[in-house]
Amino acid sequence: MTIQQAYQHLLTQLYEVYEDREAANITDWVLEHVTGRRRIDRITWKDYAVPAEQLQLLQQHAEQLLLHKPVQYVLHEAWFAGMPFYVDENVLIPRPETEELVEWVVATAGQYAPNLTIADIGTGSGCIPVAIAQKLPEAQLHAADVSAGALAIAQRNAGTQNVHVQFHEMDILDESQWPSFPAADIIVSNPPYIRDSEAAQMHNNVLAHEPHLALFVPDADALLFYRKIADLALQKLTPGGCLFVEINEAFGPETVQLLQDKGYVEVELRKDLQGKDRMVRAVSTIKP
């Protein structure tokens with residue numbers, strides 16, 4: 001089977017469960033991942049015969065995709081901040097809006113010494129600290145997660161990108177574990193923030209495959225993680241240190257008020273590129 005025929009065969013199968021443009025994008029991604037041939041290469045080398053083992057792998061991937069498994073989990077690859085990250089069902093698939101949070105952190109970091117300390121809470125795949133470490137090579141990076149499986153993946157991604165991040169297994173909700181968390185100039189977190197009741201509005205492929213531990217919070221206590229993170233950060237941030245959090249778009253003003261009530265100053269709410277309230281920055285104390 002030629003590479004062009006393989007492309008058409010996979011695309012035709014994916015049309016059964018995906019919109020046309022998404023099916024085409026996924027087909028491009030899968031074919032390049034398996035064969036190493038980019039889209040332009042497939043035009044130039046349209047008569048290239050795909051090896052049998054690659055055809056077999058393409059069909060295996062197709063079968064998983066037809067069951068609505070996210071392509072990132074099928075290929076064990078997600079792109080974030082221009083870098084490939086290994087992902088499986090132990091971790092969330094990194095989202096574009098989280099890249100905006102990283103950019104805000106990096107832009108703010110310029111007000112500190114180059115060797116500042118930055119800590120990430122709920123690191124998952126490690127995309128936040130790894131991306132920051134790439135952009136701020138002199139910074140000291142720490143990252144914490146309650147899941148040993150997630151930490152193993154985060155460590156793998158840090159190694160692949162050749163950056164140093166110190167990882168900590170800890171439950172942010174358990175205050176007895178807080179002493180082991182490092183002091184930092186910046187603390188950043190993308191914690192669970194989707195209410196249980198919002199699950200009904202989510203795509204089945206997310207619900208069936210992404211870890212609920214990293215997604216959901218009870219409706220009765222939607223800001224649970226933000227309260228805990230705010231309290232921890234007040235203990236661990238250096239004077240004038242900044243806390244950054246990604247948030248549920250439904251709780252922008254409430255998150256701002258929570259942080260102000262905790263004593264933070266210069267609390268700023270920002271929208272993402274979709275125009276939704278998505279991230280907040282707060283300062284622990286005014287610099288002397």
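Each residue, glycine too, has its Cβ placed from N, Cα and C.
Among D88, D145, D221, only D145 appears in TrEMBL as part of the S-adenosyl-L-methionine site alongside G122, T123, G124, S125, G126, N190.
Within 10 Å of the Cα of G122 (S-adenosyl-L-methionine binding site), the following binding-site residues from the list P191, P192, Y193 place their own Cα: P191, P192. Note: the CA-CA distance between G126 (S-adenosyl-L-methionine binding site) and Y193 (substrate binding site) rounds to 18 Å. Residues of the domain 'Release factor glutamine methyltransferase N-terminal' (6-75) grouped by DSSP class, helix first, strand second and coil last, total 51 helix, 1 strand, 18 coil. It is G126 that, of the binding-site residues G124, G126, P191, P192, has its Cβ surrounded by the most other Cβ atoms within 10 Å.
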